[in-house]
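For reference, the structure is listed below as structure tokens.
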Amino acid sequence: MTKVTGTCDLLITHVHIATMDPSMGTGHYGELLEGAIAIDQGLIQWLGAAEALPANLQPKATLDGQGQWLMPGLIDCHTHLVYAGDRSTEFEQRLQGKSYSDIAQQGGGILSTVNATRRCSLDQLIEQSRPRLEALLCDGVTTLEIKSGYGLNLETELKILRAAKELELQYPVRIEKTFLGAHTLPPEFSGQADRYIEVVCEEMLPAIAEEGLATAVDVFCENIAFNLSHTEKVFQSARSLGLRVKLHAEQLSDSRGTQLATAYDALSVDHLEYLSNEGVKALENSTTVATLLPGAFYFLQETQRPPVEKLRASGIPMALATDLNPGTSPFTSLRLIMNMACTLFGLTPSEALAGVTIHAARALGLQDQEGMIKKGHTANLTLWPIQSPASLAASLTGETPSLTFYRGEARVN
Ligand code: NIG
Ligand code: FE
């Protein structure tokens, strides 16, 4: 541990720290029991055992953590949080036996949310989205991703991304914005998927990049959405504009999207219920994260699980996210998702926590700044009144962070 002298903005003592840093501490959570941590200018300046605390450190403020657990802020690396409308009638239809694909092919599904979102003003869209963001924050989320994709024309895609940007200004959270113009084919392009993809690549993407409204580009690669060749066209345009890519892949069938995405150095491939052995191999030879979305698996009553054992055996980082959206994963608790990942997919509680911290940070390209409690990282932290770090995945019994730190600033959500 490095020696520190001088001042810091805040010193937190008497905490157990789940660093999630594989090179720190003990156990699966990188635990430091009876630890202390110094924060300065929004960054982690020092952490270690309380007895190793530099004697000459002069904190401007101190906080007694009272034996609680300090964790990295949680990161939700896949959401469709900004949308309008409601899809509960589809839930009823699916319970009566209609499939998600049937509903989509009959003009419902994503398109029903597109209609509602197109009709909304920017302000209405922000107000409808606000409670969902606040719910995520209550759960300890300090960074999240928001995708567009319920506009499918330039005007509405811009409106969604501007709403995400405005929410980021109103809350202390970090929001990474992703353009998902290739979510589904809008009705005005019926039968003309190639033409729509041209519009995405030549008109929408450049305008969104020009306004700096997205850092990544996503595609829904699926038999009810876009094929591999469409996906590759979008990836090429994204790359030419300096944007990273990611993919909704192998959710309902094996479209071999993962192999394509890894060839474009994707940040992540997401869903993966139908991932093949070749897909696993492609991930193994890449830096792409496998993001699992158990909320959608649960809500669609899917029975094919993503190949977790193979991903684990191959050492592929597995992130977890809410996939928060009105049609397939209407859930605003990342902790519920952690619990589902353990009960439905067989992750361990420490894998689940890694999935919403260290691996989620990598899925957003933020691994050098976030996802671990580590010297030099952003001081995005959560303090929990719990007995063990496994509690975050194990029990949903009302515990919320007693404090959440956003770039070192404490707040009660
Ligand atoms: O991640 N798979 C595509 N997109 C979303 C669902 C969107 C919707 O049905 O509104 C998902 O599950
Ligand atoms: Fe999604």
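Yeah, the Cβs are placed from backbone N, Cα and C, and that goes for glycine too.
Those TrEMBL annotations? Automatic predictions, nothing curated.
Owing to the predicted nature of the structure, the values given are computational and were not obtained by experimental measurement.
Residues or ranges marked as domain 'Amidohydrolase-related' in TrEMBL: 70-402.
Feature annotation from TrEMBL assigns Fe(3+) binding site to His78, His80, His248, Asp323. The Cβ of His248 (Fe(3+) binding site) has 31 other Cβ atoms within 10 Å, all protein chains considered. In the three-state DSSP scheme, His248 (Fe(3+) binding site) falls into the strand class.
Under the heading Zn(2+) binding site, TrEMBL lists His78, His80, His248, Asp323.
Same-chain residues at least 6 positions away in sequence with a Cβ under 8 Å from that of Tyr150 (4-imidazolone-5-propanoate binding site) are, in sequence order, His80, Val82, Tyr83, Ala84, Ile110, Thr113, Val114, Thr117, Thr156, Ile160, His183. Taken from TrEMBL, the feature 4-imidazolone-5-propanoate binding site covers Arg87, Tyr150, His183, Gln251, Thr328.
Taken from TrEMBL, the feature N-formimidoyl-L-glutamate binding site applies to Tyr150, Asn325, Gly327. In the three-state DSSP classification, Asn325 (N-formimidoyl-L-glutamate binding site) falls within a strand. Note on Asn325 (N-formimidoyl-L-glutamate binding site): other Cβ atoms within 10 Å of its Cβ, all shown chains, come to 25.
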Taking 10 A as the limit, how many CB atoms besides its own sit near the CB of His78 (Fe(3+) binding site)? 31
Taking ligand 2 as the reference, state which of the binding-site residues Tyr150, His183, Gln251, Asp323, Gly327, Thr328 have a Cβ closer than 6 Å to one of its atoms. Asp323
Among His78, His248, Asp323, Asn325, Gly327, i.e. the binding-site residues, the one with its Cα nearest that of Arg87 (4-imidazolone-5-propanoate binding site) is Gly327
Among the binding-site residues His80, Arg87, His183, which residue has the fewest other Cβ atoms within 10 Å of its own Cβ? Arg87
Consider only the binding-site residues His78, Tyr150, His248: which of them have a Cβ under 6 Å from an atom of ligand 1? Write none if no residue does. His248
